[in-house]
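Encoded as structure tokens, here's the structure I'll be asking about.
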Amino acid sequence: MLPSQALLPAVVFALAALQALASNTFLAAVYEHAVILPDPTDQPVSPSDALALMNKNMDVLEGAIKEAARQGAHIIVTPEDGIYGWRFTRESIYPYLEDIPDPVVNWIPCTDPSRFGPAPVQERLSCMARNNSIYVVANIGDKKPCDSSDPSCPRDGRYQYNTDVVFDTQGKLVARYHKYNLFRGETQFNYPKEPEAVTFETPFGKFGIFTCFDILFYEPAVVLVSKMQVDTVLFPTAWMNVLPFLTAIEFHSAWAMGMRVNLLSANTHNTSTAMTGSGLFTPEGPAAYHYDSATEEGHLLLAELSTHPRLSPTYPPAINWSSYATSIKKFPGENNTFSGAVRRDIFTFSELRHKDGNYTVCQGDLCCHLVYQMSNKSKDEVYVLGAFDGLHGSLIKYHWQICSLLKCPSTNLSTCGQAVETAKTKFEMFSLSGTFGTSYVFPEVLYSGVQLAPGEFEVLHDGRLKSKHGTSKPLVTVTLFGRLYEKD
């Protein structure tokens, strides 16, 4: 017979499971963590020093986990690199890694910590989940020995993986995911031999998980949603904001709407590297989000989300993203175009010279159409309609089709496409569409001060991104991001 104290977590979990099953919603949390970083070094520190640094970060994460659980959250996501940071070589990261087994082993590190060798980080994360009766998602490093007979085995005899782990309310390891699309500079890690489509079931829906750069690629991101039919994606990330388009909250919210799935995005917080922007995003838009480039503090977000969004009465219908744009003649204005760079990508732009109008801009196979009316156009502000159809990226190239109404940093047209965060001009209305060659299109509107516009725009069945009642704040960008994965 188990002692009453041992039964308590099981009782709490059973009650929580029954409550979640009886409800069409669950309470989710993400924590944007200001990571305590190690001192830069090419030489490995001692295991005890590595653990001391990781414990400092886990002290902070534990506080967020306890607070989320106190408020009733069923699950919390913490960021990529949230436990040890990112200043590493392949050799210097080794003391921070642990052997993370396949979850099929049915392991609770909190109650059996030495089963797979030293695993103090997994033990502590497991106990955080178990002691607070909450699913905990974290990002750590996995190490796996390999044999010299394996032709891809590194010279040091081990694989090292950027790894997400999930512990359930009992502290059991229920998911392990090895990041497949490594960002440039992640030379401390190996690529997995094959992409992983990791899912797990909970009393409050089916979950999938991937990490940061993965969101831009077919595997695993699209596979999890389109083929595995997950309800919610867990997304630890260390996202460096790149205006005017690839800001964390902007693209992650757009992706959730375009893929019509919940996305729990937890970003690291580091203003010196432009890392901020976390959120609880849904098919209808952001339920909660946070963007703070001014302070060095972490932030906890909670929101109630649909357990099975596809069954929700508010679930948006599938969109034919090119229906409207391919059915109309080109609007005037396509001849008054010029080229401008968004980072290394060369867009075709057309200046919006009047307070209202209809414009078309084309590049490659993509034509972007815009109808608009400004309400208070500032004389010192210039807006353009832009189109891009091509490969983006330096080392790893992937194909975008982008239609965007965006503000330029100055009245000098050569600055169009450069980063801009603020604006003064509001719009009475806008309608943006494009002749996209893909069904994977992600819509979003960004206001001055890097703010989203939840509930203030809609996407019609024929692919038009429209304002509902004008813009309540000055406008920075209106964008449709299309991804042609087959052209990567």
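The backbone N, Cα and C atoms fix where each Cβ goes, and this holds for glycine too.
Automatic prediction, not curation, is the source of TrEMBL annotations.
TrEMBL lists Glu80 with the feature active site, proton acceptor. The feature active site, proton donor is assigned by TrEMBL to Lys179. Per TrEMBL, the feature active site, nucleophile maps to Cys212. The domain 'CN hydrolase' annotation in TrEMBL covers 31-307. Residues or ranges marked as signal peptide in TrEMBL: 1-22.
Describe the structural context of each listed feature in the structure shown, including burial, neighbouring residues and relevant distances.
In sequence order, Asn139, Asn162, Thr211, Cys212, Pro236, Thr237, Ala238, Thr268 make up the list of same-chain residues 6 or more apart from Glu80 (active site, proton acceptor) whose Cβ falls under 8 Å from its Cβ.
Residue density at Cys212 (active site, nucleophile): 26 other Cβ atoms are found within 10 A of its Cβ, drawing on all protein chains shown.
The predicted model assigns the domain 'CN hydrolase' (31-307) a mean pLDDT of 97.
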